[in-house]
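Undergrad: From Swiss-Prot, for reference:
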TRANSMEM  3-23  transmembrane segment
TRANSMEM  44-64  transmembrane segment
TRANSMEM  82-102  transmembrane segment
TRANSMEM  114-134  transmembrane segment
TRANSMEM  138-158  transmembrane segment
TRANSMEM  181-201  transmembrane segment
TRANSMEM  207-227  transmembrane segment
TRANSMEM  264-284  transmembrane segment
TRANSMEM  287-307  transmembrane segment
TRANSMEM  329-349  transmembrane segment
TRANSMEM  384-404  transmembrane segment
Amino acid sequence: MDMDPWLLLTLILGLAMAWAIGANDAANSMSTAVGAGAITPKQAVLIAGILEFTGAYFFGKTVTETIRKGIIDPSRISDPNVLVYGSLAALLGATIWLVIATKYGLPVSTTHSIIGGIVGYGVVYAGLEIVNWGKMASVVLSWILSPIVGAIFAFFIFKAIRRTVLESEDPIRSAKRWSPVWIGLAFVVIGTMFYIKVLHGKSLYMGVLKLGIPVGLVVFLITSMILRVKFPKVDPYLGAEFIFRRVQVITSGYVALAHGANDVANAIGPVAAVYTIATMGMAGAKVPVPRWILALGGLGIAIGVATYGYRVMETVGKKITELTNTRGFTIDFSAATVVLIASWLGMPISTTHTVVGAVIGVGLARGVKAINKSIVRDIIISWFVTVPVAGLISAIIFKILWIVG
């Protein structure tokens, strides 16, 4: 087969997938900051766009797996044409589902979408035995674990922040004492996450020592100084909210940067596979990723956030429950902590599901009536149909390509 038109088509679909990731998943990173009023939607898309591109281009992995997450057995695919058609089908299946979900403002997992696409074409080509069902079980487990653990963490962290900062007997003293502690702890987690997720460090222990503790300590000292100098005797609640508002922009910005570094692979993995086949004849289990393909993925994500990200931002930031800066900070802190612990334990986790779970947890800390139950129901349904719908679309597209190709 002549590879040039197939490579061009894959590049176009990779860009489309990156756009869809930006519109849905990347928009999620800024949703709590927008919902809490820390920044405007226009500021959010600008910040997210720049940081997503930066994360993808400068910190995206230069080697990516052709078969994401080991979800199907690559030894059963020896024909390069199958990998080309499969990559196209998986990209298109995932992209179509992400666009549908985004249109209705539903935050879904882009990783689960591409997994569905891969399983769809794999089953059509080689039957059910090609699927690693143990791995699929861990994906299903992540649907259940991620939001529950995220909600539990956020519920208790917000209760603790409310008790130590917002509702204590001596609020001025408590705000000065405890706000820097909570913010410092959050930055220990964020510094460690940056080491592992963005710089791709292997050791959690080294991440805590090299970046986590130093960053957390510096932020603790800066926050303490600001509260003492700028808010000596004024309303401590306003002082705490002021600090949390500024911090929330930083935590959301980190989420955007890390998301670009990690999830760009969902769009460019299949593109890199087809590019390697076009230039070298066949792709192995891992393929090199040229910088220009990383740039393509980063650009697509940035454009997606800017042009269509507002729908998911509105759902997560405003429709599930009412957010303030302390609640928004709690969500970011909880989600980052859960993802870090899950990575350390090797547990399957979805960042999207964890963030939504944390939003629900913060709402539940104020009572069940603070939650928009119909929105939560729609989101949960969308999570459970993500893999089957993306898989079905991918299967149909692969079958058509296999027949006409």
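In case you wondered, yes, glycine gets a Cβ from its N, Cα and C as well.
Quantities reported herein were computed from a predicted structural model and do not represent experimental measurements.
Could you place these features in context, so I can see how deep they sit and what lies close by?
TA: Among residues of the same chain six or more beyond the transmembrane segment (82-102), those with a C-beta under 8 A of the stretch's C-beta atoms are 1, 3, 6, 9-10, 13-14, 16-17, 20-21, 23-24, 66, 108, 110, 113-114, 116-118, 120-122, 125, 266-267, 270-271, 273-274, 277, 283, 308, 311-312, 382, 386, 389-395, 397-398, 401-402, 405.
With a threshold of 8 Å between CB atoms, the same-chain residues lying at least 6 positions outside the transmembrane segment (181-201) that come near it are 55, 59, 61, 161, 164-165, 207-208, 210-220, 223, 243-244, 247, 251, 254, 257-258, 261-262, 329, 332-333, 336-337, 339-340, 343.
Residues 32, 138-139, 141-142, 145-146, 149-150, 153-154, 157-158, 161, 182-183, 185-186, 189-190, 192-193, 196-197, 204, 244, 247-248, 251-252, 254-255, 323, 355, 358-359, 361-362 of the same chain lie 6+ residues outside the transmembrane segment (329-349) yet bring a C-beta within less than 8 angstroms of a C-beta in it.
Same-chain neighbours of the transmembrane segment (384-404): 85-86, 88-90, 92-94, 96-97, 100-101, 108-109, 112-121, 123-125, 139, 143, counting only residues six or more beyond its ends whose CB sits under 8 Å from a CB of the stretch.
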Undergrad: For the transmembrane segment (287-307) against the transmembrane segment (44-64), do we get 3 or more Cβ-Cβ pairs below 8 Å once near-sequence pairs (under 6 apart) are dropped?
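TA: Stretch pair touches.
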